[in-house]
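> The following block contains the structure, expressed as structure tokens.
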Amino acid sequence: VRLVGGSRCSGRLEILDNQSWVSVCAAAFDQQDAEVVCRELDCGAPVQVLGEDAFGKGDAQMWTQEIQCRGNESQIHICPTSPSHQNNCSHEHNVALLCT
């Protein structure tokens, strides 16, 4: 997991999926997911989950899974996922995070 386009603890969220970095859709991301990402990056707690392209669109593929963390996982890939039902996952809907 990494944050791109900002600082070490803020940016557009990307996840490594089969050796390529993919962007995460904002519709499939919530506060519990943010807590796991910030903790995994050793960046404290999430301050804000931003959508709508706060750190640029990027050119990564969009990830087609919905992340369903409970908030206590140590890494984002431990969280359960399910196929996304959101059809509007374009690069205008990337998740961006600000962690403390």
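For all residues, glycine too, the Cβ spot is worked out from N, Cα and C.
Just so you know, TrEMBL annotations never went through curation; they're auto-generated.
Keep in mind that what you see is a predicted model, and the values were worked out from it rather than measured.
What TrEMBL shows for this protein is this:
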DISULFID  C25-C89  disulfide bond
DISULFID  C38-C99  disulfide bond
DISULFID  C69-C79  disulfide bond
DOMAIN    1-100  domain 'SRCR'
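Could you place these features in context, so I can see how deep they sit and what lies close by?
Shown in sequence order, L3, C9, S10, A34, V37, C38, L41, C43, G44, A45, P46, V47 are the residues of the chain, 6+ apart in sequence, with a C-beta less than 8 angstroms from the C-beta of C99 (disulfide bond).
Within the same chain, residues at least six positions away from C69 (disulfide bond) with a Cβ under 8 Å of its Cβ are Q32, D33, E35, V36, I76, C79, P80.
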> Is it possible to list how many residues within the domain 'SRCR' (1-100) are helical, extended or coil according to DSSP?
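Tallied per class, the domain 'SRCR' (1-100) gives 19 helix, 37 strand, 44 coil.
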> I'm checking region-level scores; what's the whole-number mean pLDDT for the domain 'SRCR' (1-100)?
87
> At a 10 Å cut-off from the C-beta of C38 (disulfide bond), count the other C-beta atoms across all protein chains.
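I get 22 for this one.
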